[in-house]
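Shown next, in structure tokens, is the structure this report addresses.
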Amino acid sequence: MIGVTLAVAVGGALGCLLRFATSNWISAHWPQHFYAATLAVNIAGCLLIGYLYGQFLLRPEVPLALRAGLIAGFLGGLTTFSSFSLDTLRLLESGQAPLAFSYLAFSVLGGLLATWAGLILTKL
């Protein structure tokens, strides 16, 4: 069990670092679009979780440490619902309600579509 715990910790650290780097890069290039980094990592994370889920269904022999490290660790560290919620609130507070609701809808629908697309990729 220590191997699984370590895999989740390492995966989480790597996912957090990638999210942090993505956020910094997008903020440096498009500071007015602060929410784009959260949207990007959440949609990418949904695509990856759909793909990994499909792969793990096809390959049940994949070790638990690898599955947990990638899904609970890496994708758990990469994606973030709390940042998504804060970004939406900031848009609403700044009087950008149409953008806030567009962001909300695209995040949810885009996330579902990306997860489905990731699962479909395993069948190609």
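In case you wondered, yes, glycine gets a Cβ from its N, Cα and C as well.
If you check Swiss-Prot, you get these features:
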type	residues	note
TRANSMEM	1-21	transmembrane segment
TRANSMEM	34-54	transmembrane segment
TRANSMEM	62-82	transmembrane segment
BINDING	G76, T79	Na(+) binding site
TRANSMEM	101-121	transmembrane segment
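Annotation for G76 (Na(+) binding site): spatial neighbours V8, G11, G12, G15, criterion Cβ-Cβ under 8 Å with sequence separation of six or more.
Counting Cβ pairs under 8 Å to the transmembrane segment (101-121), the top-ranked stretch among 1-21, 34-54, 62-82 is 34-54. Counting only same-chain residues six or more apart in sequence, the Cβ atoms lying under 8 angstroms from the Cβ of T79 (Na(+) binding site) belong to G15, R19, V41, N42, G45, C46.
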